């Protein structure tokens, strides 16, 4: 059987950034890793309906900074920022250091593999036909400018006795081109027949220049020069 390397793992440090960025000595490493896991577990459960794409954790100077990438920032922030303040306090308790939470909006959820996979699983749980859900996700992604997309579902599809795997692809998805910007993620649909797994690969184009091109900061807005009034 042909085994495939994880599309995100093979591109780390080339065109993909890590979801946790911090340095620690041998003694602190395990504690930091454990608290990262618990923070992610808590936020994923708490923000299940907020369309969270990814959670990035940084640890600058005995503190923790969490960036939540979401398609629905209003749900995360809450009325006058009440909800995000509650999250901040719990995260600080879990990590044992002062916490800061930033919210980043996902502008095009149709081009985010995690959000596409979650959308398909929610449709499968509502008993939508799996082929229709797959085709709709593929069409939406291609319409918004994806170079290619592949969706795979596996399990007791349509309540069949024997589990099987089906996939649908449009465009090109070059899994072994390291400079290819491929967003990959998975999700699980818990149906009455059992669990159905969903995998999504979205190819957004090739990144030339490696991590330098990915992490290039946006140019700061320049202050407008005041025009001198001409003499009359």
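Just so it is clear, glycine is given a Cβ too, placed from its N, Cα and C backbone atoms.
What Swiss-Prot annotates here:
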- 39-107: domain 'KH type-2' (DOMAIN)
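Residue counts for the domain 'KH type-2' (39-107) under DSSP (helix as H, G, I; strand as E, B; rest coil) come to 30 helix, 21 strand, 18 coil. Across the domain 'KH type-2' (39-107), mean pLDDT in this model comes to 92.
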